[in-house]
Amino acid sequence: MENLKNELLEAQVGKVLENEPLANHTTMKIGGPADLLIIPKDIDAVKTIMDHVKKHQTNWTVIGRGSNLLVLDKGIRGVVLKLGTGLDHLTVNDEEITVGGGYSVVRLATSLSKQGLSGLEFAAGIPGSIGGAVYMNAGAHGSDISKILVKARILFEDGSIEWLTNEQMNFSYRTSVLQKERPGIVLEAVFKLKQDDREKITKKMQQNKDYRKETQPYNRPCAGSIFRNPLPEYAGQLVEKANLKGYQLGGARISDMHGNFIVNAGGATAQDVLDLIQFIQKKIKEDYNVEMHTEVEIIGEEN
């Protein structure tokens, strides 16, 4: 690992941090250390990093803004790539835009609304990066990323990079081909939007933001929705029906605002969150015979 670190420092690929606590890089403020955390300065740097990682046959993981993510207490072995400011480029060409995987979803939605471009209003208030949003087909208010994506540039596990069309992404509810069939990371994406009245777009976005503020605990350290909705049921409603709102294990607490959110109430460990997730799953299965599957990504070395 020392040789790899020195090579990456010499190649000037961006910021290279050793034994970096990932709690500093997740919205839940939980997570053990990464052996090496690298914040690449651009897409070319990502390619260089991957060449060195493959040469050293080192494990690698990619994160974005750390939302929708639970990093385990022992952290992550090998290299963690954090896609941030180095991959937050944006090009607007009429109704088609190209945006980096590290670009903030909220920032993009706001920027496009000011230009009268409609299609991303549903994302107002969604934390996280474009890369993560495409990876999991993020959505809200009856729409999702699959409705507007044209294609995405993907870094695959073997280090190769290629463009995948919307059809090739094989989108479904909160999933894409990148999660299991062809594991990969979104470096940039192309979206097709529509011109519309700016005032109308801004009003719709504000309504969506207000709804989130009123119903979801984004002022507390959390990872967004913990469970996928077991349609036609809704995860949050099932948790509330089971009278679990406010239930706490260690430092992890089911939000008093929304049953599908677990907040870090202070000093929570990943194990606290896992224990609470398993408790909820068991309770809902016993009471309603419904399987609850996690939406939050759980990564890292297990205890």
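Numbering starts at 1 and runs along the chain as displayed.
Each Cβ is built from the backbone N, Cα and C atoms, and glycine gets one as well.
Note that this is a predicted model, so its numbers are computed, not measured.
Swiss-Prot has this to say about the protein:
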{"type": "DOMAIN", "residues": "30-196", "note": "domain 'FAD-binding PCMH-type'"}
{"type": "ACT_SITE", "residues": "Arg174", "note": "active site"}
{"type": "ACT_SITE", "residues": "Ser225", "note": "active site, proton donor"}
{"type": "ACT_SITE", "residues": "Glu295", "note": "active site"}
Between Arg174 (active site) and Glu295 (active site), the C-alpha gap once rounded to whole angstrom: 8
Whole-number Å value for how far Glu295 (active site) lies from Ser225 (active site, proton donor) (Cα to Cα): 7
Spatial neighbours, same chain, of Glu295 (active site) - Cβ under 8 Å, 6+ residues apart: Asn68, Met136, Arg174, Gly224, Ser225, Ile226, Phe227, Arg228
Segment confidence, the domain 'FAD-binding PCMH-type' (30-196), expressed as mean pLDDT: 93
Most crowded position, judged by CB atoms within 10 A, among Arg174, Ser225 as active-site residues: Ser225
